[in-house]
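A quick write-up on the structure given underneath.
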Amino acid sequence: METTTKKARSLYIPYAGPVLLEFPLLNKGSAFSVEERRNFNLSGLLPEVVESIEEQAERAWLQYQGFKTEIDKHIYLRNIQDTNETLFYRLVQNHLEEMMPVIYTPTVGAACERFSEIYRRARGVFISYPNRHNMDDILQNVPNHNIKVIVVTDGERILGLGDQGIGGMGIPIGKLSLYTACGGISPAYTLPVVLDVGTNNQQLLNDPLYMGWRHPRITDDEYYAFVDEFIQAVKQRWPDILLQFEDFAQKNAMPLLTRYRDEICSFNDDIQGTAAVTVGTLIAASRAAGSQLSEQKIVFLGAGSAGCGIAEQIIAQTQREGLSEDAARQKVFMVDRFGLLTDRMPNLLSFQTKLVQKCDNLQHWDTENDVLSLLDVVRNVKPDILIGVSGQTGLFTEEIIREMHKHCPRPIVMPLSNPTSRVEATPQDIIAWTEGNALVATGSPFSPVIWKDKVYPIAQCNNAYIFPGIGLGVIASGASRITDEMLMSASETLAKHSPLVNNGEGLVLPALKDIQVVSRAIAFAVGKMAQQQGVAVKTSAEALQQAIDDNFWKPEYRDYRRTSI
């Protein structure tokens with residue numbers, strides 16, 4: 001179903017009466033004109049007054065304000081989305097800064113945990129393991145033929161909350177909402193998918209309301225065969241799809257990305273999207289301090305697929321700035337629950353092995369511990385940047401932050417774990433422990449910190465700055481793959497839009513109200529790089545920009561004309 005053509009063109013549709021009112025992509029509610037009500041058998045089915053979308057949005061905003069809890073606000077917005085998608089996106093667009101934390105992190109975490117309890121109406125595709133041999137038929141049941149973006153999860157590692165089974169569907173729904181709200185991708189082009197391979201969450205298995213397959217998770221060869229069946233079915237149904245892997249467990253995330261990134265246009269937002277926005281933030285923060293990222297020493301807490309993905313992209317950026325690969329890797333230190341990753345540590349995962357430090361280079365360190373803790377690393381490395389992707393709250397202690405600040409006058413501290421209940425340290429504490437000198441960026445939204453009568457804005461290192469623009473760029477350019485260079489171009493473009501760099505003050509990342517401008521710029525950079533990399537047909541810059549404009553959907557009602565099926 002095409003919904004992105006210019007507003008001047010009417011849309012010819014075959015649906016009428018109550019069926020039309022039940023179709024979220026087409027429903028206008030009280031905004032159907034008198035003529036449309038007559039032509040589509042809606043007379044008497046709606047109140048007398050014909051309203052504009054702004055009048056509808058104002059009523060919805062007043063209703064929204066009447067809800068007291070974030071989860072109730074989330075449920076309300078999801079209800080609008082499942083009733084009238086155009087109104088939903090107009091409302092979100094009008095109040096993006098207020099509503100983004102409600103439709104996505106941190107509130108979406110609670111929505112995933114309570115998915116079966118708060119379930120109202122079907123959205124997206126649920127593919128359970130018992131139905132694995134019917135995937136082609138299942139995907140044929142999707143009514144929208146022109147799907148261009150799929151976000152898929154298996155629900156095993158939802159934010160920092162772990163295994164949520166099919167409750168993980170809240171993540172693809174929320175992510176795709178941001179593709180549209182921030183990146184202008186028509187909701188008619190998007191499809192959320194959950195692969196229901198069971199759950200190891202005993203609380204869910206014991207819950208009489210749980211709506212997923214009640215079975216322990218399948219693993220190993222059975223699991224990978226199931227995912228492969230899904231990938232092949234998607235390629236058959238939509239050969240030019242952009243597929244985003246979301247919230248897969250560490251043991252599966254990197255292998256799936258490695259296996260499929262050159263087979264289908266795909267990326268993993270937890271690994272590559274998080275890395276791209278983090279690197280963009282660090283490039284901007286370094287420039288604001290009058291230096292380059294290649295001059296910084298960086299310590300990570302958390303050496304999973306997300307942390308290692310960020311580290312590898314940092315290393316790639318510092319090589320672009322002139323470092324050799326060996327010199328770049330010597331500036332990055334990875335700490336996990338077993339301590340600093342070293343070349344003598346057993347049982348490392350394949351993606352961790354290139355990020356170890358050589359024990360021979362650590363012999364001069366001031367420590368008597370066999371296992372090198374985060375405090376040991378901070379004390380000896382004297383880092384400029386500390387990044388948390390551990391998923392564990394409170395691990396950036398006062399002692400660690402003060403030790404870092406002792407050797408770094410303006411430390412950059414980024415507790416990126418989601419949701420807020422999992423953050424390594426709160427911005428309030430970090431600002432206080434560094435006497436107001438830290439630059440703080442978080443994974444979840446936090447209010448500005450007031451410390452000694454001064455206001456410190458807290459940047460949210462939100463993947464929404466990156467993935468909507470990547471999606472728009474891929475669609476506009478027709479890219480067949482997402483390369484590392486395309487991701488780096490997104491990071492560089494984000495850094496160029498930093499108010500702190502451009503104005504000498506303000507946040508290190510753009511305000512959310514400007515996110516559509518940033519997404520368009522990233523889309524152009526990504527599309528241009530795709531052309532340079534040979535994964536998209538080369539066009540002029542003007543043609544690429546026109547393609548971006550043509551694909552940028554706006555939440556506006558179109559005139560309807562009746563046609564037969």
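Every residue, even glycine, has its Cβ placed from backbone N, Cα and C.
DSSP assigns Tyr104 (active site, proton donor) to coil, not to a helix or a strand. Annotation comment: Swiss-Prot describes Tyr104 as active site, proton donor, evidence class sequence analysis.
According to Swiss-Prot, the NAD(+) binding site annotation covers Arg157, Asp270, Asn418. The DSSP secondary structure for Arg157 (NAD(+) binding site) is coil. Around Arg157 (NAD(+) binding site), taking its Cβ as the centre, 25 other Cβ atoms fall within 10 Å, counting all chains.
Positions annotated as active site, proton acceptor by Swiss-Prot, on the basis of sequence analysis: Lys175. Lys175 (active site, proton acceptor) falls within a helical segment according to DSSP.
Residues or ranges marked as divalent metal cation binding site in Swiss-Prot (evidence: sequence analysis): Glu246, Asp247, Asp270. Secondary structure at Asp247 (divalent metal cation binding site), taken from DSSP and collapsed to helix, strand or coil, is coil.
In the three-state DSSP reading, Asp270 (NAD(+) binding site) counts as helix. The feature site 'Important for activity' is assigned by Swiss-Prot to Asp270, with sequence analysis given as support.
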CB-centroid shell, 8 A cutoff, divalent metal cation site Glu246, Asp247, Asp270, site residues removed: Thr153, Arg157, Ile158, Ile171, Phe245, Phe248, Ala253, Asn268, Asp269
Spatial separation of Lys175 (active site, proton acceptor) from Tyr104 (active site, proton donor) - C-alpha basis, Å: 7
Local Cβ density at Tyr104 (active site, proton donor) - other Cβ atoms counted within 10 Å: 28
Reduced DSSP assignment, Asn418 (NAD(+) binding site): coil
Spatially closest candidate among Lys175, Glu246, Asp247, the listed recorded positions, to Asn418 (NAD(+) binding site) (Cα to Cα): Asp247
Position of peak Cβ density within 10 Å, selected from the binding-site residues Glu246, Asp247, Asp270: Glu246
C-alpha spacing of Asp270 (NAD(+) binding site) relative to Glu246 (divalent metal cation binding site), in angstrom: 6
